[in-house]
Amino acid sequence: MKSLLFLVLISACWAEPHPNNSSLEHERIIHIQAENGPRLLVVAEQAKIFSHRGGNVTLPCKFYHEHTSTAGSGTHKIRVKWTKLTSDYLKEVDVFVAMGHHRKSYGNYQGRVFLRESSENDASLVITNIMLEDYGRYKCEVIEGLEDDTAVVALNLEGVVFPYSPRLGRYNLNFHEAQRACLDQDSVIASFDQLYDAWRSGLDWCNAGWLSDGSVQYPITKPREPCGGKNTVPGVRNYGFWDKDKSRYDVFCFTSNFNGRFYYLIHPTKLTYDEAVQACLKDGAQIAKVGQIFAAWKLLGYDRCDAGWLADGSVRYPISRPRKRCSPNEAAVRFVGFPDKKHKLYGVYCFRAYI
């Protein structure tokens, strides 16, 4: 009698999707698993995968039934869904859904994602032409009948975090302006994990900046009086979450490698900003962006002691080998400032994209 009642309860809690709804679209399903029934297991062979912008990557995910070697029971179609987790754990971004012969990808993942399917229990996701925005944690969910299970895989990108403030000076960006500022400089707003890794690698910056989760933080490796006090512990200082429209800070951006050539243009004379833009165009290139000089410095070891114009109107130069008169104390992208574009004369850094 108890077994019969339990089966009735299962039937009452399971609702088939309406026949007019697509099997690939969003469904909120409550699953009840029979105590002695087969148990679906979803596993990721690696919890963290590393790649770079422009590359291809496979996020591992396989599914099994406990105590068996078979992939599925054969009585229900298997539905595989990949989503990207956000800093707001109540929200997920749809990436890819597969059920039988049906496939659907979403947003900027369209045309770039597919299942590897190297075996009947392989739900691994292949992402091609990786973008900076692809960084983050992904959830693989497999559903078969009344059962489902999930696994989470983190996609990390090789790259560099750099602080950024506009010509107007420090603390002049709300969150949305900060996002645009990073995009304009061939980068995206950095996550806390990316800033934390940069701090562990030695990044020290006293100005607070926006991060992708809407928090405002800054990394300190050398405690000192103007930056929280000289007796405080090194770390990433957290200002908390602020109004994204009204509050104004700097921003921490993240960029990765690029498909092109970054170089200092050899020119017979120093140039104004407008002359620098035209000189790069004449050379078959464009004036370089801040993210590109940081990527060339950090990832390629680019080293040049000549100050040059960049696209945002700033003047900088990258030093990988500290030496006298060229950043003697540390390897860094040195910031000269935002000089008068019409009257100040400097060299220029250009970027030529590969076709």
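Every residue gets a Cβ built from N, Cα and C, even glycine.
What TrEMBL says about a protein is an automatic prediction, not a curated fact.
Between Cys206 and the candidates Cys182, Cys227, TrEMBL records the disulphide pairing with Cys227. According to TrEMBL, Cys326 forms a disulfide bond with Cys305, chosen from Cys305, Cys350. Residue pair Cys206 (disulfide bond) / Cys305 (disulfide bond) shows a Cα separation of 25 Å.
Spacing of Cys305 (disulfide bond) relative to Cys227 (disulfide bond) is 29 Å (Cα to Cα, whole number). The two recorded residues, Cys227 (disulfide bond) and Cys326 (disulfide bond), show a Cα separation of 26 Å. Ranking the disulfide-bonded residues Cys206, Cys227, Cys305, Cys326 by C-beta neighbours within 10 Å puts Cys227 at the top.
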